[in-house]
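Feature annotations, reproduced from Swiss-Prot:
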type     : residues : note
ACT_SITE : 7        : active site
BINDING  : 7, 140   : Mg(2+) 1 binding site
ACT_SITE : 67       : active site
BINDING  : 67       : Mg(2+) 2 binding site
ACT_SITE : 140      : active site
């Protein structure tokens, strides 16, 4: 089972690929897709999808999992995040991948044991749980690893 974890965002999206072979988890790759707020939104969404498409074609995941969205007090921010999520879900559908969503607190609790963990705690635990992740310093990237990890350890596939 190969899972693509995505921490959805328009400005700085984290992605990670984690595999489960027998009972062992294996970190394969991760990264961050950054877009500029100066660019038009349709160009930003297209760029995000073009990078994620390359990841899908290279690693051939069986499933994609994304963090559920909470409603932000700023409706414009929520709407833009909704655009990003919709574009990502469309890409996932185009490649006929199964998809799961997890609440942020579920991800935090699975990775750290505490549902209200801070970003640095998630980053620290990911490095302990998955060999190969020591070089990760970006919290969006770490969140994406945590999302994929949550899917695999909760056997939600």
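Cβ coordinates are placed from backbone N, Cα and C, and glycine is handled just like the others.
Values in this document were obtained by computation on a predicted structure and should not be read as measured data.
DSSP assigns residue 67 (active site) to a strand segment in the three-state reduction. Its own atom aside, the Cβ of residue 140 (Mg(2+) 1 binding site) has 23 Cβ atoms within 10 angstroms in the protein chains shown.
For residue 67 (active site), the same-chain residues 6+ apart in sequence whose C-beta sits under 8 angstroms from its C-beta are 6, 7, 8, 101, 102, 103, 104, 107, 143, 147.
Its Cβ placed at the centre, residue 7 (active site) has 25 other Cβ atoms within 10 Å.
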